[in-house]
Amino acid sequence: MKLFVPALLSLGALGLCLAAPRKNVRWCTISQPEWLKCHRWQWRMKKLGAPSITCVRRAFVLECIRAITEKKADAVTLDGGMVFEAGLDPYKLRPVAAEIYGTKESPQTHYYAVAVVKKGSNFQLDQLQGRNSCHTGLGRSAGWNIPMGILRPYLSWTESLEPFQGAVAKFFSASCVPCVDRQAYPNLCQLCKGEGENQCACSPREPYFGYSGAFKCLQDGAGDVAFVKETTVFENLPEKADRDQYELLCLNNTRAPVDAFKECHLAQVPSHAVVARSVDGKEDLIWKLLSKAQEKFGKNKSGSFQLFGSPPGQRDLLFKDCALGFLRIPSKVDSALYLGSRYLTALKNLRETAEEVQARRARVVWCAVGPEEQKKCQQWSQQSGQIVTCATASTTDDCIALVLKGEADALSLDGGYIYTAGKCGLVPVLAENRKSSKHSSLDCVLRPTEGYLAVAVVKKANEGLTWNSLKGKKSCHTAVDRTAGWNIPMGLIANQTGSCAFDEFFSQSCAPGADPKSRLCALCAGDDQGLDKCVPNSKEKYYGYTGAFRCLAEDVGDVAFVKNDTVWENTNGESTADWAKNLNREDFRLLCLDGTRKPVTEAQSCHLAVAPNHAVVSLSERAAHVEQVLLHQQALFGENGKNCPDKFCLFKSETKNLLFNDNTECLAKLGGRPTYEEYLGTEYVTAIANLKKCSTSPLLEACAFLTR
């Protein structure tokens, strides 16, 4: 799989060709000016013989979202707040292309939400009560979600007595908030300028709708503050002398010039995005259309039609006038991943009661991979009194994604997944520490981690098998992207062979997480009914350290790539599992990199590499809370906890290594807050980075986009 290479491009409006509906994109418009621009785009695309387009007219954005869901339209561009709405049930739309702002040399897929005021007005951000306010629209990012989330502590909102809009209506003297129900909240529409039914409309029929409309509300003297994005002032006031008549309100209750938006803003917001259906969404066709439109009508292209431009007196038709182009959004990115945990948290703060917000902040949501981990997690949750609650995903990558969305807080990962999580912006919090012969006198929580040994195990009876004769044999792996079971052995093999064709080195394998149709999954068994073959969770019989060793023990594979403790934990009566209870340690050997073989007791001198300990990861803003809760939990349920083994044990499992490794003595502090690179070490990070040149993952592809 190739690494994701972003493609920068521009975009415009759409056209009409009904002859081949599968090759046609139906773009949704919300006003007559948008519909006219769309038809100009349609006519020009038709002349090119490029992907055809049809222009669909609806009254407002939510109707466009419904039309796409019902397959009556295919695409529309939305701001972050509406991307969130579109991603919810029953719509389930996903962003497929993001608008790019900034400069060609420094493109960015975000913008800044700002509060603009007239110079000389004498108030700060914490003094807005009783003022007049101008908003882009209800539920929109810069105009509503961000500023109202920030101002919520000042609103005296009693959730049980009134909706949030009611509290805002009482907070400001008067407002223009397009899209609000003007019958229910007349004060929020009082400043709006539309006539008759168009007053407070959720479209350009309301003159104060959108970024330019909200700024005009301020310019006209109707409002005292306009909640817009950083480029709005520049687009409407190209002359610096005119811009100097306005200022920004800062979070620290100071003011700054309008060009100081990087230092003085309310929040950084994901850029506007084109959305489509998650299933049968014509994603490739939409991208092909955008690519062709960029090539012919993009920024700085000559001609009467400009994709990122609007006629005099109009702004931001179909797309933002200030956009440079579009970046394709990887398929792994849904609306929640696109918006990110901080933005989603701001939205939750607007929708939940104060008690719900406090409860959410106090608990830790642990992500369990697969049904067996889910079962153990639910036991933990019950014993913790719901201080720890559970989220579940079918793969580790999906759990990492849940943490990125703020739907989970933490999980413990092996080094390979720590690399992935780190690339996505998560940080190590605590390390799984095993018993130590070197530092046995030190408190486990404060003791440095020593790593573990990644080994290649074979049966003693298979006498001719060495590291140098593995090609063509059968292999057992913990899972793709895990350290001892994949990254270390396959990295070594790739370096020796100079090839990334991992499915050609061994004749057959079980590498959970690989393509189920490939030779890398040929040896996998699935569950007791033969289902879920090669899935990277406990449903697959040969998943994980114990599963990979079982694959060898049952003569399915010739070699198992595990950690050295795995052999000890499953031989000489250490395991009561039927398949392991009669296994003898002496019947197994380790393969050394020099081509020799040694007993499993000699792993210190015969291993593939020293691997970093597993560690708990979380978002940086949740790390301190996660650490505090986990240290308290292990005091109750850790190896020497007062409620283990009577009630529950964190580091024991009905099968093996669920949530944490069973040989964990404690979760240890890391000393400061190291980055994932610092925790894993330079050599390991470099080795994984080289291995990722052979193949990446959809999640890494997504995170490369999200963190650019």
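For all residues, glycine too, the Cβ spot is worked out from N, Cα and C.
Keep in mind the model is a prediction, meaning the values are calculated, not measured.
According to Swiss-Prot, the feature signal peptide maps to 1-19.
For 25-352, the entry in Swiss-Prot reads domain 'Transferrin-like 1', with the evidence type sequence analysis.
Marked as disulfide bond by Swiss-Prot: Cys28-Cys64 (among others). Secondary structure from DSSP puts Cys64 (disulfide bond) in a helix. Taking a C-beta cut-off of under 8 angstroms and a sequence separation of 6 or more, Cys64 (disulfide bond) has the following same-chain neighbours: Cys28, Thr29, Ile30, Val56, Arg58, Ala73, Val76.
Cys38 (disulfide bond) carries a helical DSSP state (H, G or I). Annotated disulfide bond per Swiss-Prot: Cys38-Cys55 (among others), in sequence order.
Annotation comment: Swiss-Prot describes Asp79, Tyr111, Tyr211, His272 as Fe cation 1 binding site. In this view, Asp79 (Fe cation 1 binding site) is surrounded by 28 other Cβ atoms within 10 Å of its Cβ, with every protein chain counted.
The secondary structure of Lys92 (active site), as reduced to three states from DSSP, is coil rather than helix or strand. The active site annotation in Swiss-Prot covers Lys92 and is backed by sequence analysis.
Residues near Cys134 (disulfide bond) in space but far in sequence (CB under 8 A, at least 6 apart, same chain), listed by position: Ser175, Cys176, Leu191, Tyr208, Ala214, Phe215, Cys217, Leu218, Ala222, Gly223, Val225, Ala226, Phe227. According to its DSSP assignment, Cys134 (disulfide bond) is in a strand. Per Swiss-Prot, disulfide bond is recorded for Cys134-Cys217 (among others), and the stated evidence type is experimental evidence.
Applying an 8 A CB threshold to same-chain residues 6+ apart, the list for Gly143 (hydrogencarbonate 1 binding site) reads His135, Thr136, Gly137, Val177, Tyr211, Ala214, Phe227, Val228. As annotated by Swiss-Prot, hydrogencarbonate 1 binding site applies to Thr136, Arg140, Ala142, Gly143, with the evidence given as experimental evidence.
Annotation source Swiss-Prot lists disulfide bond at Cys176-Cys192 (among others). Under the three-state DSSP scheme, Cys192 (disulfide bond) falls in the coil class. Proximity of Cys192 (disulfide bond) to non-local residues of its own chain (separation of 6 or more, Cβ distance below 8 Å) is seen for Cys176, Val177, Pro178, Arg182, Gln199, Cys200, Glu206, Tyr208, given in sequence order.
Marked as disulfide bond by Swiss-Prot on the basis of experimental evidence: Cys179-Cys202 (among others). DSSP assigns Cys179 (disulfide bond) to coil in the three-state reduction, placing it in neither a helix nor a strand.
Remark: Cys189 (disulfide bond) has Ser175, Cys176, Val177, Val180, Arg182, Gln199, Cys200 as non-local neighbours, by Cβ distance under 8 Å and separation of at least 6 in sequence. Sequence annotations record features per position, and here Swiss-Prot assigns disulfide bond to Cys189-Cys200 (among others).
Annotated active site, nucleophile per Swiss-Prot: Ser278, in sequence order, evidence recorded as sequence analysis. Mapped onto three states, the DSSP output places Ser278 (active site, nucleophile) in coil.
Per Swiss-Prot, domain 'Transferrin-like 2' is recorded for 364-693.
Look at Cys367 (disulfide bond): DSSP puts it in a strand. Listed in sequence order, Cys390, Ala391, Thr392, Ala393, Cys399, Leu402, Val403, Ala408, Asp409, Ala410, Leu411 are the same-chain residues six or more apart from Cys367 (disulfide bond) with CB atoms under 8 A from its CB. Annotation source Swiss-Prot lists disulfide bond at Cys367-Cys399 (among others), citing experimental evidence.
Same-chain residues at least 6 positions away in sequence with a Cβ under 8 Å from that of Asp414 (Fe cation 2 binding site) are, in sequence order, Thr478, Arg482, Thr483, Ala484, Ala611, His614. Under the heading Fe cation 2 binding site, Swiss-Prot lists Asp414, Tyr452, Tyr545, His614.
Look at Cys424 (disulfide bond): DSSP puts it in coil. Here Swiss-Prot flags Cys424-Cys703 (among others) as disulfide bond.
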> How many neighbouring Cβ atoms, not counting its own, are there within 10 Å of the Cβ of Cys217 (disulfide bond)?
Replying inline: 29
> Fewest neighbouring Cβ atoms within 10 Å: which of the disulfide-bonded residues Cys38, Cys55, Cys649, Cys703?
Replying inline: Cys649
> Over the domain 'Transferrin-like 1' (25-352), what is the model's mean pLDDT?
Replying inline: 93
> Does anything in the same chain, at least 6 positions from Cys644 (disulfide bond), have a Cβ under 8 Å from its Cβ, and if so what?
Replying inline: Leu636, Phe637, Gly638, Leu650, Lys652
> Long-range same-chain neighbours of Cys179 (disulfide bond), Cβ under 8 Å, sequence gap at least 6?
Replying inline: Phe60, Gly137, Leu138, Gly139, Arg140, Cys200, Ala201, Cys202
> Given the recorded positions Thr136, Ser278, Thr478, which one has the fewest other C-beta atoms within 10 angstroms of its C-beta?
Replying inline: Ser278
